[in-house]
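Here's what Swiss-Prot has on this protein:
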BINDING   Cys14, Cys50, Cys79  [4Fe-4S] cluster 1 binding site
BINDING   Cys146, Cys150, Cys153  [4Fe-4S] cluster 2 binding site
DOMAIN    5-115  domain 'MTTase N-terminal'
DOMAIN    132-384  domain 'Radical SAM core'
Amino acid sequence: MIKIPKIGFVSLGCPKNLVDSERIITKLKAEGYDLVDSYDNADMVIVNTCGFLNSAIDESLEVIGEAIAENGKVLVTGCLGNKADLIKEKHPEVLSITGPQDYENLIEAVHTHAPIFANDFVSLVPPQGIKLTPRHYSYLKISEGCNNTCTFCIIPDIRGKLKSRSIDNIMKEAEKLKNAGVKELLVISQDTSAYGVDIKYKSGIWNNKEYQSNIIDLATALGDLDMWTRLHYVYPYPHVDKIVPLMAQGKILPYLDVSLQHSSPEVLKRMKRPAHTQKTLDRINKWRDICPDITISSTFIVGFPGETEADFKHLLDFAEKAQLDRVGCFKYSEVEGAKANQFDNLIFVATGILHTQDIKPEKSLKELSADKFIELFKANTIFPALVAKHFIPKLVKDTNLYSQLFLRVLVVSLIINLVVLIINFLLITFR
């Protein structure tokens with residue numbers, strides 16, 4: 001009997017990395033490899049790493065070490081794969097190191113260290129590929145890389161410049177996901193609103209209609225699938241205004257995950273972020289005028305090098321005016337290779353500006369500013385995050401935010417219909 005190699009797989013990092021893991025696993029399954037959920041039963045382990053924040057690098061190195069200790073045969077891929085010298089220095093036992101989206105060389109390494117009898121098992125793989133998300137939703141990655149040059153970020157160095165997929169290619173994948181029973185699509189990329197810029201918005205045919213490879217046509221086409229479509233990682237560019245009417249019409253979910261990071265013009269300038277605070281506020285108000293049910297989420301960085309008390313107050317004032325429905329607030333963390341590391345590392349306290357070396361370790365100024373920002377949002381985020389009409393708001397803990405912060409999310413409309421049915425039954429019964 002031919003032994004089929006068993007592969008253990010660890011996926012770290014963001015949703016974009018998870019999609020990479022899905023593609024790798026789909027390829028392995030198509031070749032007949034078994035996937036197992038423990039180190040002990042695996043002939044080899046693949047670790048798909050994250051290499052963005054220093055904390056993510058530490059976690060990736062720790063997991064690689066754990067896999068080596070528990071199994072011994074380890075292949076490393078993903079964002080940290082671009083720092084092969086660092087991995088080899090820490091873990092010389094690693095068998096192979098490949099970077100993000102380097103699927104061909106990774107699979108070749110798998111063949112080398114866990115060879116399999118040549119065969120074609122494509123028929124055993126579902127048309128939509130192997131998915132690591134729950135069955136009801138799936139990530140839909142529309143591009144790789146990024147053209148922005150934010151000073152706190154090294155994504156372009158890790159994943160390269162923007163590389164958009166053609167719109168017909170994306171729609172074919174979306175259709176396969178729908179046919180597989182997926183109800184919700186989470187559209188992701190590094191910069192969703194820049195989709196198609198690099199391929200000059202080239203046209204594609206789907207469902208006998210011509211569409212351009214831009215975010216507006218893509219949202220329109222996805223809206224015709226009769227699925228929930230949610231847009232993530234959107235920059236507040238002017239053309240995003242054209243997407244909001246689709247939300248008002250019920251074509252896609254009235255939800256925008258908008259990358260803001262800060263509001264102070266000085267901080268944004270140092271971050272090299274393409275944003276103008278007043279225009280952003282005007283745009284948010286315009287979106288709400290067009291689609292009153294829209295839910296807007298964002299993330300912010302506090303304690304960025306050079307941030308002053310005035311800058312932080314500007315951010316608090318912006319938060320009060322914007323009244324965002326959902327926020328993630330993060331303390332600035334140095335990223336190896338980021339240009340922001342060269343800035344004067346100044347952050348404020350209520351009494352003035354101090355250098356980080358003057359901060360008491362038990363309560364850093366970054367934590368103070370983050371705590372203050374979160375306190376403001378505690379009063380402003382307990383609102384129904386409407387993604388469709390007739391939903392019941394329910395309080396849940398959101399692991400993406402501070403543990404003390406609770407947000408309202410929505411329970412599917414079937415529940416409210418059930419409640420109404422029960423109430424009507426009781427009224428009729430006891431009338």
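Here the Cβ of each residue, glycine as well, is placed from N, Cα and C on the backbone.
Positions of the features from Swiss-Prot, shown on the structure.
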residue: Cys14; record: [4Fe-4S] cluster 1 binding site; contacts (Cβ under 8 Å, 6+ apart): Cys50, Phe52
residue: Cys79; record: [4Fe-4S] cluster 1 binding site; contacts (Cβ under 8 Å, 6+ apart): Gly13, Asn17, Thr49, Cys50, Gly51, Phe52, Gly99, Pro100, Ile158, Arg159
residue: Cys146; record: [4Fe-4S] cluster 2 binding site; contacts (Cβ under 8 Å, 6+ apart): Cys153, Ile155, Pro156, Arg159, Lys161, Leu162, Gln190, Asp191, Ala194
residue: Cys150; record: [4Fe-4S] cluster 2 binding site; contacts (Cβ under 8 Å, 6+ apart): Gln261, Met271, Lys272, Arg273
Please work out the number of neighbouring Cβ atoms within 10 Å of the Cβ of Cys50 ([4Fe-4S] cluster 1 binding site), leaving out its own Cβ.
22
DSSP helix/strand/coil residue counts for the domain 'MTTase N-terminal' (5-115):
55 helix, 22 strand, 34 coil
Using a 10 Å radius around its CB, how many other CB atoms surround Cys153 ([4Fe-4S] cluster 2 binding site)?
22
Tell me, what is the mean pLDDT of the domain 'MTTase N-terminal' (5-115)?
91
